[in-house]
């Protein structure tokens, strides 16, 4: 499996606080990786480092065996596509115009089938003439996801399998569209894309990801297949809650959270 993105002892400090602490990871073509962890663990900071939006205080990041810093912004956009957690939605463009932005400088005629395909896959074709600010939060999220899919398709047509980064992509979506989004991401992984998604819903993560990376206090504390990674002890330690863990027929775990019980000021069991 060819590595798409690798980090080597990556650390990020801001104002004396260590947000990411000595991260070593490698994600290859065809992997669907979910990053999970509590709020403030460093997940979004790590994703911004992988996207090139932030530069690490220490360590090195390689995208397709080249230093991430060696890519220009234009080059980077053809090798990785990112759906950020917070996207500016005040500009008065239509859904179709937003999705077409993913094609960059590609001619409109050439981009047209990619735009149509992405809108169909994300089920936003009926919204194509609507201006973005008039949509619900979930509809806006799906529009931006379609834009990112177009960007990814354009880049992979030129350079082969790329990197898809998703920062809490399901946060504004109802259950149906949460499942559809992660299934779409999974299809990209099966076609060779390296997919890394921050997911807060552990059941979504363990059901659809082939690999789980658990971040706690800026460091990786677990990394592996869902059935081996998500354990009762890890849930207690990292998330400070109890959960009954059951298993699907394929061995993937299902988490059934228990009511939280206080064991002292600021502590939960």
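Placement of Cβ uses the backbone N, Cα and C atoms for every residue, glycine included.
Residues or ranges marked as ATP binding site in Swiss-Prot (evidence: sequence analysis): 37, 38, 39, 40, 41, 42, 43, 44. Residue 38 (ATP binding site) is surrounded by 15 other CB atoms, counting those within 10 A of its CB over all protein chains shown.
Here Swiss-Prot flags 5-242 as domain 'ABC transporter'.
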Same-chain neighbours of the ATP site, Cβ within 8 Å of the mean position of the Cβ atoms of 37, 38, 39, 40, 41, 42, 43, 44 and not counting those residues, run in sequence order as 215
A correct count of other C-beta atoms within 10 Å of the C-beta of residue 43 (ATP binding site) gives 25
